[in-house]
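**Student:** Annotated topological domain 'Cytoplasmic' per Swiss-Prot: 1-411, 677-691, 736-746, 794-803, in sequence order. According to Swiss-Prot, the region 'Disordered' annotation covers 1-36. Marked as compositional bias 'Low complexity' by Swiss-Prot: 25-36. According to Swiss-Prot, the feature phosphoserine maps to Ser76, Ser176, Ser390, an assignment based on similarity to another entry. Taken from Swiss-Prot, the feature phosphothreonine covers Thr180, Thr183, and the record attributes it to similarity to another entry. The transmembrane segment annotation in Swiss-Prot covers 412-432, 656-676, 692-712, 715-735, 747-767, 773-793, 804-824. Residues annotated as topological domain 'Lumenal' in Swiss-Prot: 433-655, 768-772, 825-855. What Swiss-Prot lists as N-linked glycosylation site is Asn583, and the listing cites sequence analysis.
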Amino acid sequence: MSEARRDSTSSLQRKKPPWLKLDIPSAAPPAAEEPSFLQPLRRQVFLRSVSMPAETAHISSPHCELRRPVLQRQTSITQTIRRGAADWFGVSKESESTQKWQRKSIRHCSQRYGKLKPQVLRELDLPSQDNVSLTSTETPPPLYVGPCQLGMQKIIDPLARGRAFRVADDAAEGLSAPHTPVTPGAASLCSFSSSRSGFHRLPRRRKRESVAKMSFRAAAALMKGRSVRDGTLRRAQRRSFTPASFLEEDTTDFPDELDTSFFAREGILHEELSTYPDEVFESPSEAALKDWEKAPEQADLTGGALDRSELERSHLMLPLERGWRKQKEGAAAPQPKVRLRQEVVSTAGPRRGQRIAVPVRKLFAREKRPYGLGMVGRLTNRTYRKRIDSFVKRQIEDMDDHRPFFTYWLTFVHSLVTVLAVCIYGIAPVGFSQHETVDSVLRNRGVYENVKYVQQENFWIGPSSEALIHLGAKFSPCMRQDPQVHSFIRAAREREKHSACCVRNDRSGCVQTSEEECSSTLAVWVKWPVHPSAPELAGHKRQFGSVCHQDPRVCDEPSSEDPHEWPEDITRWPICTKNSAGNHTNHPHMDCVITGRPCCIGTKGRCEITSREYCDFMRGYFHEEATLCSQVHCMDDVCGLLPFLNPEVPDQFYRLWLSLFLHAGILHCLVSICFQMTVLRDLEKLAGWHRIAIIYLLSGVTGNLASAIFLPYRAEVGPAGSQFGILACLFVELFQSWQILARPWRAFFKLLAVVLFLFTFGLLPWIDNFAHISGFISGLFLSFAFLPYISFGKFDLYRKRCQIIVFQVVFLGLLAGLVVLFYFYPVRCEWCEFLTCIPFTDKFCEKYELDAQLH
């Protein structure tokens, strides 16, 4: 048998022409094949290009069953923490999130800070600043074509999407007709995936549908007159290329891109063939992918040319040829006009859900925020330079927008708290001056007197300052033991220590008062030990007293018994809750009718023993259970919120961030909401909620702390420091994009003018410039530390790492210094009040107690 085979082989060799050379390679084992991580195109039919014939569309797949998995060592906890910290700060070398941030930054600059440099635009191939999109700045990667296709003629693919396929020279001239690329072999570049999605990645698993998405889909189905189930089960039967929601992570439609809806049937035109961001639609499930892989290979369904009349009826346009504009001189000869024959391929596998209707879809459509060119950039007419480095270009293209969750949550909390505060505490008199109320009120002496109550007006249309302090406003006496307030309270207690009960001769009543205030002709001042009713303590008469309606001899709870006898000092006496003898003790200070009890008035801990009518008229806190001012803690009543751990030492330090969620009135809240829905929301889409939340809260806390140091006796509410900290982020964003802006100095002076205007506006009452200044400085440090930005080379990357450490240390030093000044070394600055309020009139700033005079 072997001899016969050798004879046949030799005969064939004799018949072979001398010029013919046969080179038959030996069969190699499957394991020796070069691994390829591309899936077979025949199985994933939804990846087939419209320009590639089915019989030539084959890409080798790896023999996974013949390859052993590569064993890798598990990453240590230290490496994981280091890599995560580097990714979060934006200094990682191979981080996908860092690349996304950097590629998005330039796009943000183009809308916020003005035009870009011409070289930047030429690098990005963006002739227009109007539509700077993610997909328009991408060039799809070359497709691998097998050896059998290398000899095929290249075709023109008019379906390539995006502005990235325009000719660079034409883009510089501002022309708008797209340049049609030439694809390798018969494979279409745009039919597989973009450079961001990557053909080497598998489709992602579907996310769970949210309630809002299902509700909108049901509403859209009802509007179209069909059941929700029918709309859900409906799926596309014919498709010419991959849906964008299958492979692309984040794409955005723009007017200059091709409307791809002509590939589907007319009945499902508005439901199945829209390409919108990934957060609106979902990716196929793993079960669907397995069904696609297990499905038998089907014959390709190739259709003829599309009917032009049908497309016109559907209001669609099929690009059949290149543009008809005038070509640039010296350009290549125009290629012949070829009408493209479209293929339709069947898609297998179930699909969950249904895409929402067009009106609802347009409602949720949002544009990308180019780095440095956000809302403020559009207002100040900023643009990129005409040329940007390719490394910077890749950083911008990989950036994604974030959802402004923190802005929405903050706006909701601000609105809710403001509405509740106005409903519960009411609205104070509106204006810029003082509001005086005069009335005749019964006082502690038993006669009516004309008294005047002076209230600060609030032009923000909101509660009074006392109500704001009770809600949690920034107020230094509630956050620490203020030296002046503490000395004022100690002086009042010293006067009360030498007081006694003044009993009127007509037995109309009695009140605790000093000897000067008690009439010697109409009343008797019962003073121990002069008065015969003085009790004894340790064998001798008490030296201080008496106290109206309180005596250690008749009090049962708490009783004055050895070893728990009441002290000599009456200011240290407890509140007696039960007397044993009632009103018949034969002691004048016990048998009289008391007409005055402690009342806390004002915001500085001032206490008066007066009648309830007078206390209510002065908007004070009346204590029916006490007889002395030393038995009550007025600062605890004034501050409200959680009680002090030590009643003598205020400790509500949490007012530093609690006041960020309060507002002085309705207008104040509306101003904050406008700022948040414009500037804050725009920046959060760039940096994410976690970075913006850190900068917002820490800037506000630092600003309130500085305000509490220099303006300790002024109630301050609102996120003034936080808002200036967010404005500092705009400056940092401008500095980081300085090299790619066409006119950076113009953008800088515009931002500086806005900040100076707001600072000048802070010279009016109720607006704190100390919070503005400190919040801006702290926000500047935090922005340099926490906001990732574009890096212009390896040296710039190392510089940012040093910058993060330096600015974090500087901010911590600033915060520590303010804490030391606030708690350990209080500062009294007389001229500092002129930085936050200029007294244009005598009472313009006096009503806000900037002189810190206690009364």
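Numbers run from 1 along the shown chain.
Positions of Cβ are set from backbone N, Cα and C atoms, glycine also.
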**Student:** Go through the chain and flag residues at least 6 beyond the ends of the transmembrane segment (412-432) whose CB is under 8 A from any CB in it; none is fine as an answer.
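**Tutor:** Cβ under 8 Å, 6 or more out: 455-459, 461-465, 467-468, 470-471, 661-663, 665-666, 668-669, 672-673, 676, 765, 844.
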**Student:** Counting Cβ pairs under 8 Å that sit 6 or more residues apart, are there three or more between the transmembrane segment (773-793) and the transmembrane segment (692-712)?
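**Tutor:** Touching, yes - the transmembrane segment (773-793) and the transmembrane segment (692-712) meet the threshold of 3 or more Cβ pairs under 8 Å.
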**Student:** With DSSP as the reference, give the number of residues of the topological domain 'Cytoplasmic' (794-803) in helix, strand and coil.
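**Tutor:** Residue counts for the topological domain 'Cytoplasmic' (794-803) by secondary structure: 10 helix, 0 strand, 0 coil.
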**Student:** Summarise the topological domain 'Lumenal' (768-772) by DSSP state, stating how many residues are helix, strand and coil.
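**Tutor:** Its residues fall into 4 helix, 0 strand, 1 coil.
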**Student:** Same chain only, sequence gap of 6 or more: which residues have a CB within under 8 Å of the CB of Ser76 (phosphoserine)?
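**Tutor:** Long-range Cβ contacts: none.
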**Student:** Counting only residues 6 or more past its boundaries, what in the same chain has a CB within less than 8 Å of a CB in the topological domain 'Lumenal' (768-772)?
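**Tutor:** Distant Cβ neighbours of the topological domain 'Lumenal' (768-772) are 700, 703-704, 706-707, 709-711, 714, 716, 720-721, 724, 758-759, 762, 832, 835-836.
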**Student:** Take every residue in the topological domain 'Cytoplasmic' (1-411), average their pLDDT values, and give the whole-number result.
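**Tutor:** PLDDT averaged over the stretch: 53.
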